[in-house]
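Engineer: Next up is a structure, given as structure tokens.
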């Protein structure tokens, strides 16, 4: 709000200075014309309105046309048309010549006495016609025209520079804040990793199976802590995280639940957005398991050239964890897909015949 008020005041001040210049010029040439007569005259307002219109049309119509829409030919044609209009309107010349004629108008002299011959008139050329002035090339109007064009470009470039500087400063502040938050978030996992390592050391002799699960959990947490903030990570690391997650989930499953997990193809040196597939896999274990009914969870990952496909299919049980079903994870994943894989992914989600199916295809880096 303060910036807008400052801009308006700057424009008002600039126009007051600009419009005072012709008043100063005419007053210096003609002392008999009062300032009020100048300000309230039709030529003065025609002069003012012409240049105000030129400035704002150029600032808010033509400059955006040249910068944003990339149409320099249209911009150049419009500038030439305005130049021709100024050339024929001659606003400065009409203003000055109007008050020059006012000052040069003859004042009535004394009336002659009866019988006396009238005073001699001005001597003119043969035929009695007064001399005509040749048309004047109004260079001053053109100078003012180009001055306003340069001024409006200068203001626009300055505004763009300020906007870019402010955006860069905000980006740096956001980055610093994010880095600080990330460092704070790493403190608790650091102690948790140490605790998990201690538990792993205690259980490796008494329960190797539990120790292996603790090790997998530690790997998942370390991966999430160290890699999840990046835009892209090695595909091999992502697949290992998914495999560890599925192995841990299988520990709590009963005999009624079967998990079919396969990976086809090689990860190679490809990159992928971290945890981009994990939300759909996690949902399969969260909502596709029932203690009363048999169920199967099918997770198939296929890698072919530069494309990876996730097929995730599970039974759709009603009212499983309804208090936790917010949809935030799916919504956030879809936002990430749009941001990181815009035009480079396809996703099909269906809920038919009692089965929930997700088919996600991504173009790998």
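Even glycines carry a Cβ here, placed using N, Cα and C.
So TrEMBL has the following annotated:
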- 108-123: compositional bias 'Pro residues' (COMPBIAS)
- 178-256: domain 'Signal transduction histidine kinase internal region' (DOMAIN)
- 108-127: region 'Disordered' (REGION)
- 7-25: transmembrane segment (TRANSMEM)
- 45-66: transmembrane segment (TRANSMEM)
- 73-90: transmembrane segment (TRANSMEM)
- 136-155: transmembrane segment (TRANSMEM)
Engineer: Before we move on, state whether the transmembrane segment (136-155) and the transmembrane segment (7-25) share at least 3 Cβ pairs under 8 Å, counting only pairs 6 or more apart in sequence.
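Structural biologist: No, these stretches are not in contact.
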Engineer: Along the domain 'Signal transduction histidine kinase internal region' (178-256), what average pLDDT does this model show?
Structural biologist: 74
